[in-house]
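Quick look at what Swiss-Prot lists:
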type	residues	note
ACT_SITE	ASP133	active site
BINDING	LEU81, CYS82, HIS83, MET118, GLU119	substrate binding site
Amino acid sequence: MRLESWSPGLTHLRTDGTAHMVDVSEKVESTREATLREQFVQLSEVLLLLTSDGLPKGDALAVARISGILATKKTSELIPLCHPLPVSQATVDFVLGSDRVQTLCKAVKTRGVTGVEMEALTAVSVAALNLYDMFKAIDKHAVLTDIRVLAKSGGKSGDWDLGTSEEKA
């Protein structure tokens, strides 16, 4: 199957449909940054335990934060076609609501030739998975939802912010 007619923007696919790692050796190095969020909907009782350090496995937010930061550094090992990047900064924070925890990867930064969206996506995903692991004995109905890129900057494609984009969903 030839793909050039419908997938000119899919850089990880050759025209015959096989996957390959994109050659970034000729790209110009620049500062790259990405910001993401994820929602974790759960029982309010779990959130009460979370804020009072009452979870059986310990401090869930600390574990999730560190796991998210570590995930940024391991992205190329988990996502085969991602280039390994020197991560300069990774910030993972949480906003507690009445029935949800919002995981925010406020900044993943690098100085390199490719973006850090995949590293930020991996950070919020792994942080959320760690929260789920720590809550699952109490709330089996928790839902991970709405993982999305909020903003990115740097590189040839320039800056993008969901808050100012016409592509809001």
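Here the Cβ of each residue, glycine as well, is placed from N, Cα and C on the backbone.
With every protein chain in view, the residue among the binding-site residues LEU81, MET118 whose Cβ has the most Cβ partners within 10 Å turns out to be MET118. Distance between Cα atoms for LEU81 (substrate binding site) and ASP133 (active site): 27 Å, as a whole number.
Residue pair CYS82 (substrate binding site) / ASP133 (active site) shows a Cα separation of 26 Å. The sparsest Cβ neighbourhood within 10 Å, among the listed binding-site residues (CYS82, HIS83, GLU119), is found at HIS83.
Shown in sequence order, LYS57 are the residues of the chain, 6+ apart in sequence, with a C-beta less than 8 angstroms from the C-beta of ASP133 (active site). Sitting within 8 Å of the Cβ centre of LEU81, CYS82, HIS83, MET118, GLU119, and not among those site residues for substrate, are the Cβ atoms of THR75, SER76, ILE79, PRO84, LEU85, THR114.
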